[in-house]
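The structure appears below as structure tokens.
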Ligand SMILES: C[S@@+](CC[C@H](N)C(=O)[O-])C[C@H]1O[C@@H](n2cnc3c(N)ncnc32)[C@H](O)[C@@H]1O
């Protein structure tokens, strides 16, 4: 079977681990570059399957590398995955008394070529146990190669990544594309779903599209198990990227490290969804699928009418919007249009639905409305504060849990008994954290100062400060710009906000912060730092970097607590909040 591949023309790196070294105690990864990823060779290649069809080089890696997390350097998505495979392998070795290294999992080039496209191979491996759940929400299992290849000469195991499979599941799995050290798998059947061996309970699944839709990963797990999984993600982030803190916290706090606080709503909480479509020439416009990405098909869409994690109002409006969009696609005959024509006609492939409130300014009464135009203004009430922002701009998407996060930060502020005046809100968006904490600063001379890269968001941050009774610029001031330029900014200098009287909030996007920002933070010397992150891996990386940068001892922060908040139940995502206090 493997011999049918034309060999010798496909460039496959001899040893993809040449830049990496793994050992159980210390794992060092250099960022993976596109040039050492198989299939990213710029040379053209000709690979054929058994019946002579050309197989294109594996595009999937490119997609993998382009994801947002991959701006994350050492904590990139590829790097996280390698660490997770190492952890899974440790479990596999210890249960099977083996001594395999990750290097042994490397996929031979001929096998990688053979399995280079989705749908080409349909080998099924039977009765395989899932032993690990990745932070991406996918099960990992180790499949002996002989069990899915006719070629008995093939030795070793393939790590298979199986979406919608969880530890304890015994599964039949279809083996798909082979990557550098793993293969993509498709769950065919769970054989032990009613047993006590697995944490799975399929009766908990409420969505009819769960098996196919890429939106949720964890509906088959009960809420406690989801929280435990998310805590393990925070812990592994620190274990991989800030191991000394991980060891210290584990020794000091046992189970408390990274424990995850529950969302008040496990379903119907998401205040924004963005279903999308991909018009196809061979599909009648009225049959266009509108929904979310299909886990079985990298370019496919799962057609949905309802999303159970979205709010009831969004679900009420979605079918109406969908019908309207389909009628429009039919009217313009989208299937006959070229991409250029679609862009010119301003046909957006993404639908937008966001909950908002409509305020009656005279009475203070409000009702709930669903906004479907990204140019419109959304109004949201969180705790005692009202926020407005343009729908296309960032705002948190689970407003039920936000008061809990604010309470948690307030608790630490009070607990530390700090004599502070200012809250410096970096990566501030439309001012959510600074404004929500504004009652904590002294009434007489306290102030909120925020910085954010989006000019539109800053416009709304200023508007929101006024909306919530904070006088500009005396009580609140916001500037548009890169957070790392804050400390050299003249407006900031003129505001006379000093570090020794400040609490600094940082809430960067998934790629995290950077060395330049952290160096300046150490010079600014705020009394306390609250680091909020939707990516615990880049958060751990940044906190380790901060620790390295403060080695000269002139200023010293101690991490007091790291906790998670379940902003997105049923999904793989977790928000991690770290509290740092200056001790020198
Ligand atoms: C996770 S959001 C948090 C926003 C806000 N704290 C909130 O809770 O609504 C991250 C924000 O950082 C902004 N951002 C990204 N890179 C930035 C940079 N280099 N400097 C300042 N802001 C940045 C984004 O525009 C986005 O609004």
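Cβ from N, Cα, C; glycine included.
Note that the coordinates shown come from a computational prediction; the quantities given were computed from them, not determined experimentally.
Binding of S-adenosyl-L-methionine is attributed by TrEMBL to 396, 452, 507, and the same site annotation extends, among 422, 427, 531, 557, to 427. Each residue in 394, 425, 428, 429, 432, 433, 508, 509, 532 lies on the same chain as 396, 427, 452, 507 and has a C-beta within 8 Å of the C-beta centroid of that S-adenosyl-L-methionine site, without being one of the site residues.
Candidate binding-site residues: 452, 507. Fewest other C-beta atoms within 10 angstroms, 507. You'll find the Cα of residue 507 (S-adenosyl-L-methionine binding site) roughly 8 Å from the Cα of residue 534 (active site).
The recorded positions considered are 396, 427, 534; of these, 534 has the fewest other C-beta atoms within 10 angstroms of its C-beta.
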